[in-house]
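Working notes, beginning with the structure itself.
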Amino acid sequence: MILASTIQYANNPWEVREASFDSRNLGKYETIFALGNGYMGSRAATEEHYVGEKRDTFINGTFDKFDADEVTELPNVPDVFQLRLRVHDQPLDLNTGCVTDYQRTLNLQTGELTRQFKWQFDDRQLNFHSSRFVSFHDRHVLGSQITITNDGSADLPLVFQSGIDGQQSNSGSQHFNDWEKRQYEGKVLQYVAKTNQSNILFVITAGQNVMVGKNSEIVKTRTLMPRRQLLQEFTIRLAPGESLVFEKNAAIFTSRDNDVLYPDKESLQQNGLQRVDQLMRDGYQNNLQASISAWQQKVWEKMPITIDSPDNMDQLSLNFARYHLHTMTPAHDERMNVGAKGLTGEGYKGHTFWDTEMFILPYFIFNFPDAARKLVKYRYLGLGGARRKAAANGFKGAQYPWESAWIDDGESTPVWGAADIITGKATKIWSGFIEQHITADVAYGMNEYMNATQDHQFAEHFGYEVILDTARFWTSRVEWHEDKQQYEICDVIGPDEYKEHADNNAFTNYMAHWNMQLALNLIDRLKQEEPLIYDRYDRKMDLVSLRQDLTDRLAKLYLPQPNTAGVIPEDDAYLSKQVLDLKPYLDGNDVGALFDHFNLDQVNDMQITKQADVILLLYLFEKQFPAQVKHANWDYYEPKTTHDSSLSMLTHTIFAADLGLKDQAEDFYERARLIDLGPNMKSSDEGIHAASIGGIWNMVIFGFGGVRYLAGQLRINPNLPEKWRSLDFRIWWHQQELHIHETQDQLIIKNLTGTAPVHFEHEGKEYSVDDTLTIGLKQTAPQ
């Protein structure tokens with residue numbers, strides 16, 4: 001059943017609204033209205049409870065195993081936003097009674113979620129208003145304020161219950177020991193729990209305060225301690241026209257926090273009590289305002305991006321993406337990264353994929369390089385797990401996990417997945433074994449960060465080692481085929497995950513070749529220009545033998561070439577497989593319809609591609625292939641692609657823009673930006689699509705703004721949609737902040753830092769800007 005959309009897009013590009021309540025749409029709004037700050041994330045479950053809700057709160061990096069047979073996951077933390085309200089002995093439930101004036105709004109600019117409605121049951125009527133936030137000023141802080149007004153003519157008897165609810169689970173798996181519950185001074189609750197396997201302490205402290213009008217009365221207050229819960233219950237008589245105001249100011253600390261000096265239980269408890277005491281003194285509104293100011297100063301004023309377009313959705317979707325990028329990214333701690341669902345849901349267990357390097361990292365490299373440094377440092381800190389995986393598989397060097405969790409966990413991909421629709425047996429998840437392009441992807445992200453930032457200190461101490469040891473992995477991973485006198489890479493999964501056990505996936509082979517060439521160039525440059533650094537790494541990693549292996553593999557590694565039609569084979573078998581007309585399965589925009597008719601083995605035997613594969617290769621290495629090859633592969637692969645991944649349409653947007661296919665680029669862009677924000681009310685139940693969210697910025701800046709870093713060089717070729725009057729943004733490049741303003745006929749670049757000239761390429765010509773440069777634009781024909 002297709003549910004009607006209740007999303008409302010106001011003229012304000014900073015607000016997304018739920019226009020009416022439908023409990024069947026809980027998951028959608030819990031995800032897209034989620035709050036966070038990179039340290040913690042909280043799904044936007046309604047204050048009152050409903051069947052099917054997911055009241056998830058996650059603290060980044062606090063992974064735990066439920067049992068020895070499962071992989072580690074982010075545990076669902078005790079909930080502080082829950083509320084149970086009985087009105088004249090009737091539970092608040094918007095599926096009953098009469099609901100009017102309903103509206104829930106996420107303000108992307110302030111990070112505040114508000115909700116309001118009028119609820120009438122029998123002759124009783126109330127007006128409900130709530131506000132909540134997760135602080136962008138203080139990562140440990142979250143809070144809520146609820147105001148209930150009696151709109152009736154008689155006293156309104158209420159029983160109001162709130163506190164800390166530890167009965168949350170990860171789809172039934174409970175990760176915590178219920179350790180200690182305590183109330184302090186009548187208004188402060190503290191709940192202490194510890195993860196079962198990773199032994200991480202959590203201390204959740206909440207200060208609660210209830211205020212009523214002069215003619216109303218708090219009849220009774222009591223503290224309840226059911227299993228895994230710590231609650232306060234208020235019995236209230238609310239006079240006509242008067243309001244109940246409930247404020248909760250809370251703080252969460254864990255023994256894994258990098259800003260905690262003493263991670264023992266008593267110290268964490270004191271931290272929580274002291275923080276909440278100050279929060280209660282300051283009051284909810286002041287705490288909220290501190291968070292709003294932090295959003296302004298740290299994000300929106302620091303790196304503004306403006307699209308001048310008659311379509312409000314252009315700016316709104318970009319603001320939506322940037323908001324979620326900052327709520328999910330741990331800019332505070334290099335020991336953790338971005339999960340595939342951010343901090344908005346249990347999907348993919350909070351694990352990190354290649355999504356970070358390919359689709360999320362670019363935003364931070366160009367806008368917030370300090371945060372980008374932490375994301376790539378995470379990969380350096382994961383070298384131990386990558387080396388263990390390589391050794392366990394009989395390889396040298398570092399083989400990065402397909403799914404990563406805590407820095408010491410190593411490979412975290414589940415082995416078994418959902419049941420096969422044909423056999424009924426659990427499907428083996430091969431990605432953790434053979435989706436090996438992740439190793440080169442990590443090196444790619446590392447190199448892009450070092451190129452863009454010129455962070456030589458990071459490169460010397462961390463980046464070089466990752467590049468060298470990932471290249472060493474590939475020297476041992478390639479297989480020599482005597483009959484062909486060439487190295488090949490067999491039995492892999494490329495980005496097209498429909499094709500398992502593929503030989504010579506083009507994307508994988510080219511990325512491996514690039515990774516090894518990068519390492520070879522690095523070795524030669526270090527030996528010639530930085531001999532002390534070379535000697536240090538030579539002693540540690542034997543660069544002489546590594547160089548010999550790299551030279552041999554690079555000279556003989558098979559790289560799939562375009563056929564006579566200009567098409568690069570996705571793998572050795574792809575072009576000989578059965579062709580299936582996908583149109584009947586994609587007309588309804590329901591990719592799942594394909595798998596109502598075929599299982600994965602059957603799809604594996606057809607020319608069907610899940611997401612950009614060869615197209616992604618051509619996008620990343622655009623200078624390596626001529627225009628006619630790019631067009632030939634677009635024409636061949638795009639009709640065969642289901643876009644059964646949120647990663648796919650963003651790559652197609654950028655590549656189509658590069659090719660001058662404006663209509664296709666804008667079509668893919670408009671579809672891609674609505675994966676989470678759009679009217680499909682079931683698209684986001686398991687959490688936000690983090691890579692797709694990063695991709696919205698990529699589409700705007702890379703695709704239409706024409707910004708790209710290619711082989712260490714900045715390129716700017718604006719390609720704005722015709723309806724856009726201008727695109728105005730800033731980027732960091734080589735430690736210089738550039739202000740770039742693009743219109744349909746002009747490119748203006750200001751070097752705001754001005755301590756060094758910035759060199760870049762525009763339409764094949766070299767430019768340099770140390771102050772302000774204006775370039776006239778001409779309409780270019782498709783490549």
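The backbone N, Cα and C atoms fix where each Cβ goes, glycine too.
Any TrEMBL annotation is an automated prediction that lacks curation.
Taken straight from TrEMBL:
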- 18-256: domain 'Glycoside hydrolase family 65 N-terminal' (DOMAIN)
- 320-698: domain 'Glycoside hydrolase family 65 central catalytic' (DOMAIN)
- W354, D355, K610, Q611: substrate binding site (BINDING)
- E497: active site, proton donor (ACT_SITE)
- 709-769: domain 'Glycoside hydrolase family 65 C-terminal' (DOMAIN)
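In this entry, substrate is bound by W354, D355, K610, Q611, whose most widely separated C-alpha atoms sit 16 angstrom apart.
Each residue of the domain 'Glycoside hydrolase family 65 C-terminal' (709-769) gets a DSSP state, and the totals for helix, strand and coil are 0 helix, 38 strand, 23 coil. On its own chain, W354 (substrate binding site) has W402, H437, I438, D441, V442 as residues at least 6 apart in sequence with a Cβ closer than 8 Å to its own Cβ. In the predicted model, the domain 'Glycoside hydrolase family 65 C-terminal' (709-769) has a mean pLDDT of 97. According to DSSP, D355 (substrate binding site) sits within a helical segment.
Set side by side, the recorded positions D355, E497, K610 differ in how many other CB atoms lie within 10 angstroms of their CB, and the most is found at D355. A straight line from the CA of D355 (substrate binding site) to the CA of the residue listed as 'active site, proton donor' spans 14 Å.
It is 6 Å from the Cα atom of E497 (active site, proton donor) to that of K610 (substrate binding site).
Annotated substrate site W354, D355, K610, Q611; additional same-chain residues within 8 Å of its Cβ mean position, judged by their own Cβ, are F353, M358, P495, E497, S645, L647, S648, A691. Q611 (substrate binding site) has a Cβ environment of 23 other Cβ atoms inside 10 Å.
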